[in-house]
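To start, the structure under review is shown below, and the notes come after it.
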Amino acid sequence: MTVTDNPPASPVGSAVARWAPVCRLDDLVPERGAAALLERTDGTTVQVAVFRLLDDTVRAVQQLDPYSGANVMSRGIVGSRGEEPTVASPIYKQVFALATGRCLESGGKTPKPGLDAHLELFATEVRDGVVHVGLV
Amino acid sequence: MTSDPPTSGSSTPGADRRHVVVVGGGMVAQRFVEALRARDTAGEWRVSLFAEEPRKPYDRVGLTRYFEVRDAEELTLGDPALWDDPLVELHRDCTVVAIDREARTVTDRLGNVHPYDELVLATGSNAARPPIPGNDLPGVFVYRTIDDVAELRGWVEAKREAGRVETRGGVVEKPVRGAVIGGGLLGLEAAGALKALGAQATVIEFGTHLMGVQVDLGGGQALKRLINDKGIAVRAETATKEMKPHRRTGHVGRMDFADGGRLDVDVVVMATGVRPRDELAREAGLPVGERGGAVVDLSCRTEDPHVWAIGEVACIEGRCIGLVAPGNTMAEVVVDQLLGGEAEFPGADTATKLKLSGVDVASFGDAHGRTEDCIEIVWADPTAGVYKKLVMSDDAKTLLGGVFVGDAAPYASLRPMLGAELPGDPAAFLLPEGTGGAPDIELPDEANVCSCNNVSAGTIRGAVTDHDCTSVGDVKSCTKAGTTCGACLPLVKKITETEMTKAGIEVSTALCEHFEMSRAQLFDAVRVAELHSFTEIIGRFGVVPEGASSPGRGCDICKPVVGSILASQGNGHILSGEQSTLQDTNDHMLANMQKDGTYSVVPRMPGGEVTPEGLIVVGQVAKDFGLYTKITGGQRIDMFGARVEQLPQIWKRLVEAGFESGHAYGKSLRTVKSCVGSTWCRYGVQDSVGMAVELELRYRGLRSPHKLKMGVSGCARECAEARGKDVGVIATDKGWNLYVGGNGGQTPKHALLIAEDLDTATLLTTIDRFLMLYIRTADRLQRTAPWVEEYEGGLDAIRDVIMADSLGIAEDLDAAMAAHVEGYEDEWKAVLEDPEKLARFGSFVNAPSTPDPALAYVPERGQKRPATPEEIAAGPDGPVDPSLTGPVLVAGATLEVRA
């Protein structure tokens, strides 16, 4: 069994109530994202953007792009700032850190009303070649 | 005729505002108005300008360019908004015929009387018609105004037409024989113009050599060789005795010279000089100079304290000066005086540079070495037609003047050093480029860099340090440097970049933090190193971040650039293997992302042509998938609101019906717009639709630094608006005219004529090479218009590369395009045939056919559009907010779809 844990970049990592299987690691193209439709423990649905990096670690952030209000983050370009892996919004090109969800470059724009500038981070695990996303 | 509202003068609101009347509508008059409005921030003055010509002031220096642009508007000077200023009135086609100095009024040709507080004469000069018998024959022209140039063009074209004879061997054209009297600056430009019009040209010069005012004998001889190389004959030391009419036509037919020689001609241009238009000054009783011109003092004021004269009509320091730069200086002097300043004319900068394609000639200062005890340093290479000379003070330190023929490269940096000490050995500045030696010159702040607009090095530095300019473009619009003749632009660029570096502003052409190269450098590096993947490329050329052991993984800037470079160099499908990770979402989904995260779909309709069956399929697909449809500006149909998971189903239907990807999503060829052309149109002279289809099929899928648009018009009426495109083709009765570098968008730009009357094969080759050169050398996201502008040497240099193969790369460019044409495949068809690529088009990796539940639409004008956040908040049961009475949420994303 291989377990690839994320570093505890965000407090959610430690408070996972349920690990939802999403897909096989092989279903993900390295350095591209995919969207997953999941249910939180309170029964609400949430769209999550899952990214496989070159070293086969997996990162997950909210699919909702706070700067456009569209569910598109999984379709952004994966890259790096310094040594930090990033994803850029495909709509207005804001850059977010994949390890923390933080917005690194807003391009002078503000998020849509009611949305946070940073992305919610989800814990991930790859177990028996299956990608799991941690939900609270 | 254009007529602007007449001035009423006295009853204008703000009557305490003073009124300055400018007589004349040339470049110097324009500069006066521009400078006055820029400096009179309190609005003390209003200004009325009376122009004889029916157009706004235009760039007379660039007159020859009229043959290229053929559009008088493009020669218009300065910011057109100047003429919308409420304190500026432009009276076109409105000559002033009299001045009443007593009453302080002028009278225009319509008899209207306009009062003035101050009067500025800027009437310029007339082209002189030397008193040679026959100087008024039909076919004898002067070269001064747009109308002169247009008439000359019409005459030569008519003569060419008349000289065309059908023989058994095909059409033979009898050459049109042209001559220019006068071998000065203007004469050589006129001779170049004759050549450009397809006529022969002989320059007749009375003096010992060409450009006798500006260059010495040695320079003149080198110049003659260069001019001869351009196919222009030169007869020096020749006086024209008489011009005689042709026996039959009565048109000019022959020139007889004082030495007994003669020359048969079909057209003659007289370019022997200009005569100041001082009639108004004379009639108003103002003193005029010995050789004409209104006499002014160093403040440009005539004997009458309320009357000033600027430009070529002003006789200053005993002479009239026929150059624009000193005229502009005079305009600035008078503006300063009107605003209470004490500026005086500092003496004329008579530096000149000939603007004749391929012939570099420049001179400045004491070009003839007339200063006592001066030293002349000469470097000459007669075989190459190069002659360079510096005139130095007797201690060989201070620069007094210079002449450059055949290689004017040192001119831009040396001219501003006039009167200053040169660092190092002056001879070093004359050696050919690349032999090293020429020290870098740090210009003093007061050195005049742009003489046309009187901009000093200090002003350019200030634009960077105090006005936040971070590019040559910024500096140009901030200081006006380089906006008239452009000769100083290399120097402006150098000073700007040096200053930016000093100020710690990045001037780097690096793409992003991952690559220090520009796009063009990376393109070449990848091509030469024969690399085929991003990992190889970043491994070889990428920047290793501080503290890391390997380069990063790119970003949204460099990845699409590398994706485009790989695609342009033929690396298979853009979604194959690692390449798919380089594409931004549009290229990745082969569709255009819209604001709600859905996509629009555009099938290719080459040349805007579509069959009724095709239209029905498009309509049916849009209907079945609930798509909003709209006709695009590029003559095809866009279908909006397609979800990721629908894209393959939609394209399956379209491909089955024979459609293919329209590449509306790519930085690549979009469309070739066409008018209906000779197959249907009464006026069309060529089959524009057929040509558009051929071009679109040839260049479809070609990845480039930015999107590419083309147009083909079937006649000069230009219904396809081809000159608003990157590549515009306009039919003539002999073939096709090719225009390049146009675009619409934020900064609209007309395309420029690069070649005329091409046959189809030459047209295709020329476009092939133009596109490939652009793809290889342009910056990221640089469209063709700024690329042409910034390409070293501009359009002329591009023409030389692609039509005369001046870089010896034509074969290479041709091969690259041939590979593209051969390797083309429909991207969508290939995706539909490949299950692995198809798998990426699921909405959710754990629920591939479930639509995004957040999508919502409302109906509008019979179709759907994305719901606004307020409409979504109101929910599907209707608006809660009473102000939202119209639209009702029709559906979430799960519209019924017929499979």
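Cβ coordinates are placed from backbone N, Cα and C, and glycine is handled just like the others.
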- line: Between the ranges B:3-28, B:861-886, TrEMBL assigns region 'Disordered' to B:861-886
Message: If you count every Cβ pair below 8 Å, which range out of B:19-317, B:351-414, B:449-495, B:666-799 shares the most with the domain 'Nitrite/Sulfite reductase ferredoxin-like' (B:594-656)?
response: B:666-799
Statement: What DSSP reports for the domain 'NADH-rubredoxin oxidoreductase C-terminal' (B:351-414) is 7 helix, 31 strand, 26 coil
- line: Confidence over the domain 'NADH-rubredoxin oxidoreductase C-terminal' (B:351-414), expressed as mean pLDDT on the 0 to 100 scale, is 82
